[in-house]
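The Fe cation 1 binding site annotation in TrEMBL covers Glu140, Glu178, His181, Glu264. The annotation Fe cation 2 binding site is assigned in TrEMBL to Glu178, Glu231, Glu264, His267.
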Amino acid sequence: MASRMALHPHDVTLRCLSPPLAAPRRRRRAAVRVLAVASTPSTVSAKVESKTFSPPREVHVQVTHSMPPQKIEIFKSLDDWARDNILTHLKPVEKCWQPQDFLPEPSSDGFHDEVKELRERAKEIPDDYFVCLVGDMITEEALPTYQTMLNTLDGVRDETGASPTAWAVWTRAWTAEENRHGDLLNKYLYLTGRVDMRQIEKTIQYLIGSGMDPRTENNPYLGFIYTSFQERATFISHGNTARHAKDYGDLKLAQICGIIASDEKRHETAYTKIVEKLFEIDPDGTVLALADMMKKKISMPAHLMFDGQDDKLFDHFSMVAQRLGVYTARDYADILEFLVNRWKVADLTGLSGEGQKAQDYLCTLASRIRKLDERAQSRAKKGGTMPFSWVYGREVQL
Ligand SMILES: [Fe+2]
Ligand SMILES: [Fe+2]
């Protein structure tokens, strides 16, 4: 995952998260204030106001530790299984690609020529594509947030930072593989000369400072469903930026996006395998967890992004991605349908009454989302432009 996106571009939840457009300026100087209202020991409703670091955001009710403690044992007992079945999806470092494999070699005499060629190719690419690529890169660059998220999960977290459990080894090595994605896109974009790196760097700093609100409740059932969804979403979106780059005639950029997409696919395989195992061991608990995540909607990891100027930056970025077909509402429904089929949700038997309800809900959800989206698309106002600070304030069609 580390990457990208994954939310329904027209997600209403996100709109609720966004602050009012014209946030009073004085709040920008306000000290960080966290208003927390404890309802039960495990739920806290929090409103985080921190204009100093990012716009005020209304986060969801913060539910913690929703998995019954006895289920932690399931994950402990799966450690050997994860070693044999999940760590095998990692690549040895010596066999991994590195960003430098796809970038001009700075020690070479041909460096300046290579950079010149890269910049010539980038000239053919329109701003709206760069907005998508920058949004993807920023999402990848917020990797500290995603490693933190994985380490919130009960039963699988890296307890020490160097824990030898298979779960912890996976999380560290996954993070290390993901780290190459932001590095490669960042260096490539810097060399193009087409984007405002300072604005982009500010957006990354704001985003890491804001974190994310995936609503996974320290619960590895929810957490691994979320990461399965995310890895597939990033596989799709990087695959689409690769195809577009090819259309613009930039085969090197297509290769960059494609190689990142192939990592995401490998990570998707690993995370979906974990959830498949959970379906095997605990079908009722897992189907309820999947329905719960889908009812809450899968939010994109970068949904709290801000560049110091546009309080609805994520919405605007999502609209451009939707229009270009880099990541669309249709993709959201397709991913859900893919996962429901991958985990054979329709074939589950022996479920409780609640479990059967969740099963029915999930098996028809993708088609309902598609219908809603078609209606929303036909009602949506087309056109309109928005200045993006990432491309020096140039107007980009939404
Ligand atoms: Fe990823
Ligand atoms: Fe990634």
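The backbone N, Cα and C atoms fix where each Cβ goes, and this holds for glycine too.
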_Near Glu231 (Fe cation 2 binding site) in space, meaning Cα within 10 angstroms, which of the binding-site residues do we find among Glu140, Glu178, Glu264?_
Glu264
*Which of the listed binding-site residues (Glu140, Glu178, Glu231, Glu264) has the least company, meaning the fewest other Cβ atoms within 10 Å of its Cβ?*
Glu178
*Of Glu140, His181, Glu231, Glu264, His267, the binding-site residues listed, which put a C-beta under 6 Å from ligand 1? Please answer none if none do.*
Glu231, Glu264, His267
*May I ask which of the binding-site residues Glu140, Glu178, His181, Glu231, His267 have a CB within less than 6 Å of any atom of ligand 2, listed in sequence order?*
Glu140, Glu178, His181
_Count of other CB atoms lying within 10 Å of the CB belonging to His181 (Fe cation 1 binding site)_ = 28
*Check the Cα-Cα distances from His267 (Fe cation 2 binding site) to the binding-site residues Glu140, Glu178, His181 and tell me which is shortest.*
Glu178
